[in-house]
Amino acid sequence: MTWEQALVLISLVALIVVLVRGRIAPAVAFSGIAFAYYVVGLISLESALAQFTNTALVTVVLLLLLSIALDKSRLLELVADRLLAGPYRWVLFKIITATAVTSGFVNNTAVVATLIGPLRSSSRHPASRLLIPMSYAATVGGVLTLIGTSTNLLIDGFLTSSGLPGLSLFQQMPLGFVLLATVTLLLVITGPRLLPRHDNKSSMLSDYFLEAEVQPASRLIGRTVWENGLRNLNHLFLAEIVRRGELIAPVEPSEVLVAGDLLVFSGDVRRIDVLAPFDGLLTHGHKAGLPVDNLVEVLVTADSMLVHRTVKEAEFRSRFDAAVIAVRRGPSQLAGAIGTLRLRAGDTLVLATGPDFEKRNNLTRNFIIISRPSIAKFSDWRKSAAVVAAFVAVVAGAAAGWFDFVKGLLVLLAAFLLTRLLTLGELRRNAPFSLLFIIPSALIVSKAMFETGSAQLLARAVLAVCEPFGPLGALIGVLLLTALLTELMTNNAAAALAFPIAIGTAQQLGTSHLPFAMAVLFGASASFITPYGYQTNLMVMSPGGYTLRDYLRAGVPVSALYLTGAAVLIPVFFPL
């Protein structure tokens, strides 16, 4: 083993540890490794810079920018009510099908975010029996086309960067539809038994952890909870009092309030107005000088800089022109003061926002915005139809070979800007900055693995384990390795680590590279067992009131069926 190979292997182990622990964003981790490879001479400056103009990166960025216009379309909202009509299994089938097909062409995060609201507020069926299947459908739908997820495009970039033929737009669609059909059948048949049943709340902003502070001059001081009328509030319940760092729970009606008490309420945050009549009782929004009638509900992403920081340390007012009004963490009962609460990926926050909130460029890097009074949806349904029709036309034209796909996307983006369907401000605020670093950096890491022979070393290790089972055994090994990695880290990171091993294995066996590339593609989207492996799983956790056990109960059979189907059918559709 050369020193270059040893360095690459050690750095890969360190990278996996960092990604699994989740303390450092994947973009930062991959960028750091790529920079280290350049410093020690494993990769040249010219080769490194070339990865930043890779077609996969350009395509991903253009698709994500165009998805802003698609997100503003109301077509999915218009059909949401029809999706929810009918008996449970029929509704489940419609939601899975609509979500999966749409996710094959549109950013699946936007699809899930659009449907969460109607599903939560529906009086027909509990959201807890629909949201996990919707997330799984978005995941499987993403493998239907090349543009379904950034991971597919990343793998296409790996192939072209390695001098191999890239993927066509619909190359994996037949296999993707078979896997979607099997997963749909499983969920429709077993959904009532696998999924928990929690009654939908009347408010989309219910069951949050909300805090208000007793000010020094408040008339509440020296009087009991009962005397102040805080015991029987409509829509809010006084659950705890934090006094000088000490937690008082449960709160007795005879408890006397003192200056500086933090009153912790649970309930419907939209009824925060019931606290207005109480003299000298201020929420975080009031203390920050922000209006509390402009509430925005957001979810903290896995790679957000807020993860592991307290609300106070995060400095919401200066970073986002917002204040945290309330917090929810799945079905967990939170305790203590909001300011000292250490945030986790998947936490949902209600923010009181100022006029600059929507203009901040760091929102998409830290949050998924679930509900807000503004993203300016198109008021004219004809604009929605025009945006969708134009996008479909570009995809169809590129698939037919009439023009280059990237060129078509560029023309479409220019047309949207000229017609004001998109603005430069919207592009700036929603630019996928993390992908601008993670994709080129992952390509650099992959290139270094091949050029130093590290990929071949790892491939020989895979073959040593799978040799008794032949090429099919090696293919299944790559598929399972990728699926395991994607449950532990983001799917882009999993694909970046597994791809060089997969292609190295194919080269060692002397077989076609395509089935092994497909094993990585389908394995990287096999995230069903935990809420943290894929972003849409995380998005539905709090709205559905799910626990890790719920994901395990539903995800294990889905994952087993999906991976079994992929292992059996990849060699059929893409012969070894």
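Even glycines carry a Cβ here, placed using N, Cα and C.
The annotation domain 'RCK C-terminal' is assigned in TrEMBL to 195-281, 283-367. The transmembrane segment annotation in TrEMBL covers 6-39, 51-70, 90-118, 130-155, 175-195, 385-403, 432-450, 462-485, 516-534, 554-574.
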*Determine how many residues of the domain 'RCK C-terminal' (195-281) DSSP places in helix, in strand and in coil.*
7 helix, 27 strand, 53 coil
*Would you kindly check 6-39, 51-70, 130-155, 175-195, 554-574 and say which stretch has the most C-beta pairs under 8 angstroms to the transmembrane segment (90-118)?*
130-155
*Would you call the transmembrane segment (385-403) and the transmembrane segment (462-485) in contact, using three or more Cβ pairs under 8 Å, pairs 6 or more apart in sequence?*
no
_So, taking each listed stretch (432-450, 462-485, 516-534) in turn and counting its Cβ pairs to the transmembrane segment (175-195) that are under 8 angstroms, which one gives the highest count?_
516-534
*the transmembrane segment (554-574) touching the transmembrane segment (462-485) per 3+ Cβ pairs under 8 Å rule*: yes
_Can you tell me which recorded stretch out of 6-39, 51-70, 130-155, 432-450 has the most Cβ pairs within less than 8 Å of the transmembrane segment (516-534)?_
130-155
*Taking pairs 6 or more apart in sequence, does the count of Cβ pairs under 8 Å between the transmembrane segment (51-70) and the transmembrane segment (554-574) hit 3 or more?*
no
*Could you pull the average pLDDT for the domain 'RCK C-terminal' (283-367)?*
77
